[in-house]
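Here Swiss-Prot flags 32-96 as region 'Disordered'. Among the features that Swiss-Prot reports, compositional bias 'Basic and acidic residues' is placed at 34-46. Summarising the annotation, Swiss-Prot assigns compositional bias 'Basic residues' to 47-60. Feature annotation from Swiss-Prot assigns repeat 'WD 1' to 189-230; the stated evidence is sequence analysis. Annotation comment: Swiss-Prot describes 241-281 as repeat 'WD 2'. Annotation source Swiss-Prot lists repeat 'WD 3' at 289-329, citing sequence analysis. According to Swiss-Prot, the repeat 'WD 4' annotation covers 333-373. Swiss-Prot lists 390-429 with the feature repeat 'WD 5', giving sequence analysis as the kind of evidence. Look at Swiss-Prot and you will find 442-481 tagged as repeat 'WD 6', backed by sequence analysis. The feature repeat 'WD 7' is assigned by Swiss-Prot to 482-512, with sequence analysis given as support.
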Amino acid sequence: MGELTEFQKKRLENIKRNNDLLKKLNLNNVSSQIKREAGVEDEHLDRKRKKKAGSAKKAVKKEPKPAAIPTRRSRRLRGENVDGNGIPNVNDNQLLKMGQSDSTPELEAIDELKNTALSGDVKLSDLIKSENEEELLDKFKSFANKNFSSGDFFKELQQQQVPTPEIKQLQEDFDLKLYDIFQPNEIKLTAERISATFFHPSVDKKLVICGDTAGNVGLWNVRETQPEDELEEPDITKVKLFTKNVGRIDTYATDSSRLLAASYDGYLRSINLQDMNSEEILVLKNEYDDPLGISDFQFNYNDPNVLFMTTLSGEFTTFDVRTKPTEINLKRLSDKKIGSFSINPKRPYEIATGSLDRTLKIWDTRKIVNKPEWSQYEDFASHEIVATYDSRLSVSAVSYSPMDETLVCNGYDDTIRLFDVSGTLPEDLQPKLTLKHNCQTGRWTSILKARFKLNMDVFAIANMKRAIDIYTSSGVQLAHLPTATVPAVISWHPTQNWVVGGNSSGKAFLFT
């Protein structure tokens, strides 16, 4: 036999290393034990028995063939509990860690530290190894002094229809172009799937903030001119502030130099763009002191210091951001997750909620119902229901138009529904218009949510056919902005015709 090649030597080393690891884990004995418990005999023993039987004298009576049995039956399928001696259900990295018993305590300590929520007030420069504190402050100071108060076949249909002059003008206004100074695959704001986006209200310079499913927050200082250096990268600052999904990002209604971000880990934190400090505003907990994931929040139109919030378990509460958190008064609006809510700008005491319980409900927050009949929870008060729409599948998003009293919702039934909410509402709410739309996501794409622009009766929603679609409140499509991937989580600039969408790999598509 000739000399082994380098590839063959490497392969033998891998086989030896894997065998050593399997010996440490004692998997051979475990495998034999599972076979015995499942009633499966070893194939080698079967062959030996057959050979021995063949060499003996002819049998007088032919034995019937045994009934076929499954080659393997797991304990889970047999309804048995795992006793700790079975083959561990782990991935390759975890398997290697198990084989390195001397380093397990340290690895466990690191994993525990990664899952520990960030508590108290912090400097972002302390969390970002690659950033100098002075450079970090200079980068965002320009955003700290701004005052701000609170269709897949589009082209084909456009050619067949004769729009009104008003619609034609809107279509021209929203014929937006994709930002091209950097390619979208270079604009990576977060490490994981984007779950929240926000367009800062500054007009002189653009700032886009995104949060992801791992609790990371990325701030993109958008460059307006071509860089002199071809190797220059987008100006993105990344920091990990939470341990779970970032559910919502906004600015304070009274101070746009302060950002506010909420997470599924129950934390509400601010980011001051002037000094780049992050302050812990609130940790939302239930009566058992367990964190309540914050799914959505919005500042009240009547009082810009009061925050309305909803939770992953169906509660609703209000909080004055000027005060220190004390006892939180929770009201139950659903027995399941509230994924989205919106405050009616014409009647700020009314809110609409979209829930996993397949309903859109409108509530009067001035009125309390101590024992709601619809809830299975006896100890929770609620608010009074004004109107309800029952959907075939869960309702993902709700959003009020700023001026003409239209409410939009979308969900997993691949529709966008528009409701007229002016005047007195019937208990059984029915849409004025239903649009078919490709908006049902899978597990790898964030939920698509229709969002009205703050200063116009125009809303946008991502399309699973890789685009952002823009509509009027009467359902007329104004634009179909194609993208390379699904820009699932969108955000409008509050005053300009700019929109941004974030995808499942942490990247952003900006249209201006």
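For all residues, glycine too, the Cβ spot is worked out from N, Cα and C.
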Outside the repeat 'WD 3' (289-329), six or more residues from its ends: residues with CB under 8 Å to it: 117, 149-150, 244-245, 247-248, 250, 252-254, 260, 262-268, 281-283, 335-343, 345, 348-349, 351, 353, 355, 357, 363, 365, 380, 383
Model confidence over the repeat 'WD 5' (390-429), averaged pLDDT: 95
Secondary structure composition of the repeat 'WD 4' (333-373) [DSSP: H/G/I, E/B, coil]: 0 helix, 23 strand, 18 coil
Close approaches to the repeat 'WD 6' (442-481) from elsewhere in its chain (Cβ under 8 angstroms; 6 or more beyond its ends): 150-152, 154-155, 157, 163, 167, 170-171, 173-176, 178, 193-195, 213, 339-340, 396-397, 399-404, 406, 408-410, 416, 418, 433, 435, 487-492, 494-495, 499, 501-502, 504, 509, 511
Helix-strand-coil residue split for the repeat 'WD 2' (241-281), DSSP-based: 0 helix, 27 strand, 14 coil
Helix, strand and coil totals (DSSP H, G, I; E, B; other) for the repeat 'WD 5' (390-429): 0 helix, 20 strand, 20 coil
